[in-house]
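Taking it in order: structure first as structure tokens, then the write-up.
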Amino acid sequence: MKSNIESFLDLVKERNGHEPEFLQAVEEVAETVIPYIIENDIYYGKNILLRMVEPERVVTFRVCWVDDKGEIRVNRGYRIQMNSAIGPYKGGLRFHPTVNMSILKFLAFEQVFKNSLTTLPMGGGKGGSDFDPKGKSDNEIMRFCHSFMSELFRHIGHNTDVPAGDIGVGAREIGFLFGMYKKISNGFTGVLTGKGMSWGGSLIRPEATGYGTVYFAEKMLETKEDSFKGKDVVISGSGNVAQYAAEKTIQLGGKVLTLSDSSGYIYDEDGIDTEKLAFVMELKNERRGRISEYLETYPNAKFVKGRTPWEVKCDIALPCATQNELNEDDANTLLSNGCICVSEGANMPSTKGAITAFHKAKILFAPGKASNAGGVATSGLEMTQNSLRFNWTREEVDLKLKEIMSNIHDSCTEYGKDENGYIDYVKGANIAGFVKVADAMLAQGIV
Ligand code: GLU
């Protein structure tokens, strides 16, 4: 069996050797899915996984724009259309200086499995740019978004490919992108998700990724007859996902001890309560400030420069910042401090070594493609509402989100539970996500 996995990975490496993050994501899937393929005749010998690692289409394009000083700037734009077997390509756009082909291909590949797990009809894609929104004025952001969409528009559409937000792309950027799409396509369609409430957005979409991450952790804790009540919770990041993971944690009776950004983390041993969180939301979303500024208003907290928050003793850890932000040493520190549950709000935040450590210790560990699927699931609900030309209430969307997270938990259990009752959520999510896409690919033939 090992040689099957190894020879598959050798092939993938031959073609994509210079894409470490993509190879990391593929390896994690191959290790769990190939043994399943070997045991199940209908999938065996059809090179399905080999077809799934090759994007159906990759688009890269030039994005020129003029900054506030009148200087011409040039960035690179991308859209990876990974798999459309079960629905139109769907996935976010990331604007960050680290964006490259490897990062976007890993994200697009993960998205295929994640979207399949939601049970909604969405294929997988991802895109973005190496554009750095940090320090840019609203006008610069607008000019960049308009330029980006003036090329991207010809590759997307509400039945073809439906982008959304990711790191560096929030409500403001989606607004500018949508405005340009609508103008040049001369049509008001649900081509993007994460839209504003007055122009086709869905209630709960801003909250969905963070809430979903906590709902999933709640489901995992239930298997141990446990809950968030009275738990110390360490959260990384301070963007959209971290903010709403914190909000839901507080609502469920957990104590949020940390938040972070690329400069370091804040540690508030009294807990970040609702009022303090409202301050963080205003600081990050309106003033676009740094998390260290928290101390100017709450001087009892500490700012730990240049470090990640995994060294803080906690019961539950929610990595909500970015890929590979939690390594094997961090995992061992969390474990020795008594952490019992890790639910990923970001995409692939734990390294391979960290995941192995969590599995060895048999704690509750959820990979992002399962636990952060609430965001894209609610994007799917936004697409449905756009098609119906109708809006559901907050309660209706939240209930559907909770149901979807619970169903994903059930699917992971079905495919990931071993004979001793331990649930390997990585294995469960990979196989459950694979089966639906593979069945559709088989039915549609070699295309
Ligand atoms: N970027 C988010 C993710 O990683 C959301 C994608 C979407 O809503 O399409 O799943």
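Here, residue 1 is simply the first one shown, and the rest follow in order.
Using the three backbone atoms N, Cα and C, a Cβ is placed for every residue, glycine included.
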Further binder of substrate named by TrEMBL next to K90, Q111, K114, S379, taken from the candidates G165, G168, G170: G165
Recorded positions whose CB lies under 6 angstroms from ligand 1, from K126, D166, N240: D166
S379 (substrate binding site): secondary structure state under DSSP, collapsed to three categories: helix
Non-site residues, in chain order, whose CB comes within 8 A of the mean position of the CB atoms of K90, Q111, K114, G165, S379 at substrate: G91, G92, N115, M122, G124, K126, A164, T193, G375, V376
Where T209 (NAD(+) binding site) falls in three-state DSSP terms: helix
Neighbours of K126 (active site, proton donor) among the recorded positions Q111, K114, D166, N240, S379 (Cα to Cα, within 10 Å): Q111, D166
Using Cα positions only, nearest of the recorded positions to S379 (substrate binding site) (D166, T209, N240): T209
Cβ packing number for G165 (substrate binding site), 10 Å threshold: 25
